[in-house]
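Presented below is the structure to which this report refers.
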Amino acid sequence: MALVRALVCCLLTAWHCRSGLGLPVAPAGGRNPPPAIGQFWHVTDLHLDPTYHITDDHTKVCASSKGANASNPGPFGDVLCDSPYQLILSAFDFIKNSGQEASFMIWTGDSPPHVPVPELSTDTVINVITNMTTTIQSLFPNLQVFPALGNHDYWPQDQLPVVTSKVYNAVANLWKPWLDEEAISTLRKGGFYSQKVTTNPNLRIISLNTNLYYGPNIMTLNKTDPANQFEWLESTLNNSQQNKEKVYIIAHVPVGYLPSSQNITAMREYYNEKLIDIFQKYSDVIAGQFYGHTHRDSIMVLSDKKGSPVNSLFVAPAVTPVKSVLEKQTNNPGIRLFQYDPRDYKLLDMLQYYLNLTEANLKGESIWKLEYILTQTYDIEDLQPESLYGLAKQFTILDSKQFIKYYNYFFVSYDSSVTCDKTCKAFQICAIMNLDNISYADCLKQLYIKHNY
């Protein structure tokens, strides 16, 4: 009940205390692109904590700290807490007032906070998702938004089912303004859908429920095709191929290997291999892939079975700055803007924006800034697989300045003094360039790891 009461309070008060929504904007040289360039926003991992409030007892600032002392709580949050509503609102206000024209937005899941299971309920989870949805709809009434469910967008967390549920039905009703009847139907049944972009009729968004493949999800243990999503995905991609459409894949839990760990996939390995096979088969149709979940900023390049790069994948950093007490690093809040060619939907560039949380709390105003422009920062031509693969090759150079920048951006410029030793670098680079188990293992063995594993 405490979370429900706090949820109501945060919504009633936040609209009246929106201090200092100062907007940077696009860099000099005028990054407001000509109409020949299409744009879309990507936001992820909002993780609203309705209980967040400033109090002298730092163990009670937020439920998401789980009793730990909040380190330096301010109006826009704390690194041991999930997002206060004021932080989330500042992100969307920045987007609204940035001056950037966008065709649509993708929103890749995880609205509720990281709190113990007994502190949430199905109704509370639905209430949080409802709040985030209505916030977006009120600020962007004419923008088509494509959501994907996250592992926390359910109760109990991670246990997203293979059949219809109260949550699936609720989000299907909430997201009707953005989706057609067929998309709503599959969303109700399994938490996934495909939908054409209204402003770009030859571009289709496929929103996958990759939480079905997530390790902690016991609802899908020993199932070869949970909710028949693989079968549906292949059929949808095949239809897009026949109809000469291009597809952007969006989901919460990404494919591939976690860049901060050794030999750990973000989802169960069997499902990862199956998805990789499908993505390789239809790489000519898929023009980009976009994920969340890790809270970090990373790229991946999918290669075909001959080793040629065929797909670009982007994992976006979270809006929430939360970390556990055991973690040394976290991320500043981040949101991003992609640019694409509206003729063929090839990805051209990405502008990453961030909020320096320490500075925002100190000044009492949220000044979102441009962190980097991907092509300019790394001196590459575009965001095509060949360009990203070439960049990853540059990362392998000893003391690569390119990689030093990449690793700082991995944490959204949270701590520029952070370093990545040889083993850390191996995990990062192999995760970028190798998404399947055989090539990933070969990468670690041949290039970096001296011992057998």
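Just so it is clear, glycine is given a Cβ too, placed from its N, Cα and C backbone atoms.
For the Zn(2+) 2 site, Swiss-Prot gives ASN151, HIS252, HIS293; the one candidate out of ASP110, ASP180, ASP341, ASP344 that the record lists there too is ASP110.
Swiss-Prot records a disulfide bond between CYS420 and CYS424, which is the match among CYS424, CYS430.
Excluding the listed site residues HIS114, ASN151, HIS152, the same chain places HIS47, ASP110, PRO112, GLY150, ASP153, GLN157, ASP158 with Cβ atoms within 8 Å of the centre of the ATP site Cβ atoms. For HIS114 (ATP binding site), the count of additional Cβ atoms within 10 Å of its Cβ stands at 20 [all protein chains shown]. Here the candidates are the recorded positions ASN69, CYS81, HIS152, CYS424. The one whose C-alpha lies nearest to that of ASP110 (Zn(2+) 1 binding site) is HIS152. Cα separation, CYS420 (disulfide bond) to HIS295 (Zn(2+) 1 binding site), rounded: 18 Å. Cβ packing within 10 Å was compared across the disulfide-bonded residues CYS62, CYS81, CYS424, CYS443, and the lowest neighbour count falls to CYS424. The number of other CB atoms found within 10 A of the CB of HIS252 (Zn(2+) 2 binding site), across every protein chain shown, is 27. The Zn(2+) 2 site is set by ASP110, ASN151, HIS252, HIS293; from the centre of their CB atoms, other residues of the chain with a CB within 8 Å are THR44, ASP45, THR108, GLY109, LEU149, GLY150, HIS152, ASP153, ASN211, TYR214, VAL253, GLY292.
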